[in-house]
């Protein structure tokens, strides 16, 4: 018979020593999610960017006059629309990963309740999930930029690298409010509203496909208040090599403050939902 007398008392898992350390403890969970779901993202990550570039940038762009004066300095319509499509792609990933998946973890599979039963805190859970979405967006937008580079639309390698890093901030600026929204609603019926009245209009009217000056003064001001316009304009300046440091600072501040405020609110909302 095995003798367990010297095994000693069982020790409970210890609480993480810091915010990042706690989030990193969830790395194995998100890697498991990737291992089980990566096949479903192959088309959207590798094939969809090529079709977007071909259809909107090349074929449709052939009917657009390539006048830098009307295309914000871009020499071709593809060079104009490319950064907009990349930023919109980062936004789309945030919407896709933090609507139904968050509802599932909260209401259907109730995975959040298993996580909070461990030494992890809501701040660790939120940081880990947001970090995962940012990494996903960086990878997907990196592929998108590589596809665009094959068409020779970029002015410099450094501008493209900077634009790629900016997509992490763009994704985070959308991920935090979308996660907050998903944690605040009781049922999934509201997701149709946020997709139809949020994501789609933002994609169409935030400077992705045409300069927002064409909208008129009132709608132009509305478009400039949207986070996607800040992401699109910042990405476009970097890829075209036409930096104006004043607007760059404004874009970075807008996206950063939005992400920080909604991040803090999302942590509070998750804690509230798990306790209730």
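Placement of Cβ uses the backbone N, Cα and C atoms for every residue, glycine included.
Annotated features, as they stand in TrEMBL:
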| type | residues | note |
| --- | --- | --- |
| DOMAIN | 40-273 | domain 'ABC transmembrane type-2' |
| TRANSMEM | 42-64 | transmembrane segment |
| TRANSMEM | 76-103 | transmembrane segment |
| TRANSMEM | 124-151 | transmembrane segment |
| TRANSMEM | 157-181 | transmembrane segment |
| TRANSMEM | 193-212 | transmembrane segment |
| TRANSMEM | 248-267 | transmembrane segment |
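Pairs of Cβ atoms less than 8 Å apart link the transmembrane segment (248-267) most often to 124-151, out of 42-64, 76-103, 124-151. Only residues 6 or more beyond the boundaries of the transmembrane segment (157-181), in the same chain, are considered here, and those with a CB under 8 A from a CB of the stretch are 83, 86-87, 89-91, 93-95, 97-99, 102, 126, 129-130, 133-134, 136-138, 141-142, 145, 149, 190, 194, 227-228, 230-231, 234-235, 238-241, 252, 255-256, 258-263, 265-266, 269.
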